[in-house]
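Per TrEMBL, these features apply:
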| type | residues | note |
| --- | --- | --- |
| BINDING | C79, C84, H161, H166 | Zn(2+) binding site |
Amino acid sequence: MSFLFSSRSSKTFKPKKNIPEGSHQYELLKHAEATLGSGNLRQAVMLPEGEDLNEWIAVNTVDFFNQINMLYGTITEFCTEASCLVMSAGPRYEYHWADGTNIKKPIKCSAPKYIDYLMTWVQDQLDDETLFPSKIGVPFPKNFMSVAKTILKRLFRVYAHIYHQHFDSVMQLQEEAHLNTSFKHFIFFVQEFNLIDRRELAPLQELIEKLGSKDR
């Protein structure tokens, strides 16, 4: 949650997405922050009793977007066209961008360009009231879950790129505790609701197992 990033929280890559104060989703976000503060991340990701699963996933997806936004914002100066010519997560994993509308055929591009495309695309999805309704009583669309899964799958790639290509910079900035906590929260969340295919998580499988084993 945002309180993890107090040291450098002013620096975000894209504008932060705010959940309207006073809304039910805002209450859910506050609940999530309170349970996160207890330090038990496995418990913090569980669906609160009586709550709607879509709404819970929506609130957390917005929050992860904001977290990754801030984390990537701290290392943009190290992630350049020259240093990161392709969007990758180590030598075995390379990502090409396509959004299905503006860019239908996957294109090879630098990491900063890919992440710019990705975060702009996510922001557009989150701002779309037909996909992410912010008003109480407005139903989520039938395809909501598949959209949320695609967003989270793509946000994972930013974590994977940061860990594989920029972890030294993260350590220099003394941000590794923030990165690890944020990623652990993300992974526990997607595992709880089975939101990302295991093969998509392969670039960080070792780290994921390590984080999970510490919590058993």
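Every residue gets a Cβ built from N, Cα and C, even glycine.
For H161 (Zn(2+) binding site), the same-chain residues 6+ apart in sequence whose C-beta sits under 8 angstroms from its C-beta are C79, C84, M87, S88, A89, A111, I115. Sequence-distant contacts of H166 (Zn(2+) binding site), defined by Cβ-Cβ distance under 8 angstroms and a gap of at least six in the same chain, are I75, F78, C79. The Zn(2+) site is set by C79, C84, H161, H166; from the centre of their CB atoms, other residues of the chain with a CB within 8 Å are I75, F78, S83, A111, P112, I115, I162, Q165. Other Cβ atoms within 10 Å of the Cβ of C84 (Zn(2+) binding site) number 19 in total over all chains. The Cβ neighbour count for C79 (Zn(2+) binding site), using a 10 Å radius over every protein chain in view, is 21.
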